[in-house]
């Protein structure tokens, strides 16, 4: 409805109108443009694109053309890329001439939203959309190359780069920097080498500081620190001076490679150079961490004091890094000195949660649980909030010492305070809570364990073993529905339960009469590439039939036949009967035919008896004919009942067809329905059929007379 869209006034004027003279934009004009952009975006965001929406958009701002600023602001405010593109085309159709900036903005919008195919098509339509006024240039390709890289599609980035060159568009240093970063993040160091050579030798593009920082960081992250160091040394050849980021990157790479002495020399070289580049807190902290990783704590302490002597103020990361190294070396007295020294007028370091976590872990690792608990209590005394790491270390240690009561107290506190849902940077580890999950699930407290587990899931933490522990716990406690819900969650996260978990859950669901859930679990089991034993199929089918779930029973029988699962004649008969009783005779006959085609039988007498009792005589007629087709014996009394019933309901043709079939097979002699059939045919005026029956009756009388004479 037009009325549902915010009323807008005439947005565009004729192209024939004179162009307004450029004037200084006032704050009031800016406010008007922003307000108009918000109104346009609000209309687009809150309504599906339609002729009504376009009509309403066209009714804004009479006698004034829309400004370039308004178009750009509107594009930035539109939420859905497809709507943004429609708006882009719509203003163009109304006479607005897009320039380079709006094309670039639209391309960035599509790329950020991962609409990459649309973005690619848009890129190659720029010249057409602008009537040749806007030419393809490297910045457009750079945008889409970055978008492909952010989506993890590095090969598409490379292909687009090749296309760019084939079209005669020279890559810029920004193009090469983007592609180098993408390749190195994917570990394609060889391709990055080749690209760097192509950059210099083929295109003559001079690397800048960002290029070298990208290469050095990429090679360091790919454990190629020697190559990174060589690139670092080559910077002077290109008159490109390393900045502090460059130095810090190479120092970090060397430290991670265990070459801490060389990293120290690099830092010392920074100090000796008469440049504006000096080591900062990151430089020293990285070196401290490097020495701590090699357990050269004395050297780490010396670097720390050297940092202080040069007037650099350590930050929390510096202190925590050194404290971690000292605690792992069990040099606790020196930690006190560091903390005391960190409270002078210069440094003013206040221990944070990370500091206490380091100390707690160190004490736990050393087997000093009481000391760890004291540190934890001191943390609370200082009004600091323990995070997931604080609790997980203590809970795991208590479980290892079989002190489950104390562990459970902390576990409950963890849940009640919603520690796992906190915004701390420390991502919880599910494995740390597994011992507690196992204990609770083994002691009838699975619900308590699941509460914490669901908090972990909300933080994006996944752990397949925990799912099994909880599902098993619920099953052990007879709570099969919660177990089923966890299994569904597990599969949604693309984790596959094991065979034992599936079988345990199906068995439990059947025990409480949850046939549909058991059937669903069985189907999920099959989709997980497991094939249950025949008894599992039979158990589920029996419960479905018992609960009168006709459609599900039908589906399961057909599935069993498809999977070549052995059939049970009693169950098959029960399912066919259920389908007949549910007015689904087509499915009933289909099942019967499929069973017989696969070499299985049903209890025909039972089915025919049911159909006759319930006056489903046409179905009984069809079923008897099927039996005769398959050469299966049918009780003659049943045939009499079917024929007489059909006659009674004036289904003379069906009654005669069955009689005729019995005659052809020589099975009519024992029939007692001749008179009933003859009378019905006579009343219906079916003389030809009447004559046929009469002849058979005469033949039978003659045969009987001969038998008497003999």
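Note: Cβ is positioned from N, Cα and C throughout, glycine not excepted.
Per Swiss-Prot, the features are:
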TRANSIT   1-21  transit peptide
REPEAT    137-171  repeat 'PPR 1'
REPEAT    172-202  repeat 'PPR 2'
REPEAT    208-242  repeat 'PPR 3'
REPEAT    243-277  repeat 'PPR 4'
REPEAT    280-314  repeat 'PPR 5'
REPEAT    315-351  repeat 'PPR 6'
REPEAT    352-386  repeat 'PPR 7'
REPEAT    387-421  repeat 'PPR 8'
REPEAT    429-459  repeat 'PPR 9'
REPEAT    463-497  repeat 'PPR 10'
REPEAT    498-532  repeat 'PPR 11'
REPEAT    533-567  repeat 'PPR 12'
Same-chain residue ranges lying at least 6 outside the repeat 'PPR 8' (387-421) that approach it to Cβ under 8 Å: 353, 356-357, 360-361, 364, 369, 372-373, 376, 379, 427-429, 432-433, 435-436, 439-440, 448, 451-452, 455-456, 458-459
Distal contacts, the repeat 'PPR 10' (463-497) - CB-CB under 8 A, six or more residues away: 430-431, 433-434, 437-438, 440-442, 444, 446-447, 449-450, 453, 456-457, 504-505, 508-509, 511-512, 514, 517, 520-521, 524, 528-529
Counts of helix, strand and coil residues, the repeat 'PPR 2' (172-202), according to DSSP: 27 helix, 0 strand, 4 coil
